[in-house]
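Copied over from Swiss-Prot:
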type	residues	note
BINDING	ARG21, GLN22, ALA23, GLY24, ARG25, ASP71, TYR146, SER201, HIS316	substrate binding site
SITE	ASP71	site 'Transition state stabilizer'
Amino acid sequence: MTLNSSPIKRLDNKPPIWLMRQAGRYLPEYMAVRKEVKNFLEFCYDVDKATEVTLQPIKRFGFDAAIIFSDILVLPHALGWEVDFKENIGPLLKQFKSKEDFKYLQDNSNDKLEKVYEIVKKVRKELPKSTSLIGFAGSPWTVMTYMLEGKGKQDFRVSKKFIYENKDLAKELLNFITEKTIHHLINQIKSGANIIKIFDSWAGILPEEEFKKFVIEPTKKIIKSIKGYFPDIPIITFPKGAGLLYEKFLEEVPTDIIAIDPLIPLEKMKLWSNKVTVQGNLDPVILLTNKKIIKEKIHKILSIMENKNFIFNLGHGILPETPPENVEFLVKCIREYEYK
């Protein structure tokens with residue numbers, strides 16, 4: 001089963017499987033490599049180590065796609081913006097506050113992003129041909145929120161106040177990030193990625209008018225630009241937390257695949273699969289429970305999504321405390337499931 005076609009095809013009635021953050025802290029082999037590197041960003045730019053951890057979940061679980069080990073904040077970092085990752089705290093960034101701050105952003109990225117593209121090339125070379133390779137970037141809006149807030153996981157009042165009060169400057173920053181995101185994704189495709197994903201982790205914090213301006217419009221621009229060069233590359237979008245605005249997103253954004261968060265009803269996911277391929281949406285916390293619950297939840301999703309354009313995934317990233325044996329059980333449940 002592969003994720004190589006557009007739209008993604010099913011084989012033997014079984015959906016393809018991969019998991020967000022499948023290369024990560026829940027794997028002991030990942031932690032062994034992580035301990036060898038001083039900081040997280042250095043890890044993201046280390047060609048050999050990033051390649052190794054990208055391949056780890058493929059070797060262990062046989063997922064149908066690998067996703068490059070990287071981070072959405074390598075883009076602003078490579079463009080000269082101050083970004084750091086603190087243990088047990090997360091990302092810390094210089095705050096973008098005024099037009100003057102554009103002087104800290106370079107028009108051309110330094111050689112840091114070249115390391116990312118080397119990782120893509122090396123992974124593609126070592127990955128089984130039948131396994132797809134997903135390149136990715138953060139959405140312009142989500143990357144912008146980190147730059148405006150100076151850190152992650154806030155209530156986003158700083159970002160929202162900024163875009164309400166500084167419409168022209170907010171648009172200028174959004175456009176800058178959008179253009180750089182397009183180049184970053186295209187370069188990943190040129191390096192060997194055959195699927196692209198746009199992570200919009202904070203799409204769900206915006207009201208409808210701002211959602212259109214800061215989520216829908218830049219995503220449309222990115223997709224149009226990529227398709228101009230690579231019309232057959234499938235693009236996955238993920239407007240996490242968008243709720244009812246998922247439908248507006250689907251109406252306006254020409255996405256090939258849409259990732260669904262756990263709060264969207266399965267019947268909606270089933271309905272949307274008539275228009276696009278849907279991906280999701282198991283709650284990651286389910287993998288912290290027991291096999292009985294895991295099997296029950298997986299079977300419910302599979303029964304509803306039978307014969308639909310569907311990729312099995314979580315509704316968000318796998319949690320660090322997830323037992324690897326539960327992930328192994330998830331894969332087993334999906335591959336052994338018998339449709340009625």
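Cβ atoms here come from the backbone N, Cα and C positions, even for glycine.
Since the structure is predicted, the reported quantities are computational estimates derived from the model, not experimental observations.
Features recorded in Swiss-Prot, as mapped to the structure shown.
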residue : record                             : contacts (Cβ under 8 Å, 6+ apart)
ARG21   : substrate binding site             : GLY317, ILE318
ALA23   : substrate binding site             : TYR30, VAL53, THR54, GLN56, PRO57, ALA66, ILE67, PHE69
ARG25   : substrate binding site             : MET31, ARG34, PRO320
ASP71   : site 'Transition state stabilizer' : PHE40, LEU41, CYS44
TYR146  : substrate binding site             : LEU73, PRO76, PRO91, LEU93, GLY152
HIS316  : substrate binding site             : MET20, LYS240, ASP261, PRO262, PRO284
Report the largest Cα to Cα distance, in Å and rounded to a whole number, among the residues ARG21, GLN22, ALA23, GLY24, ARG25, ASP71, TYR146, SER201, HIS316 that the record lists as binding substrate.
23
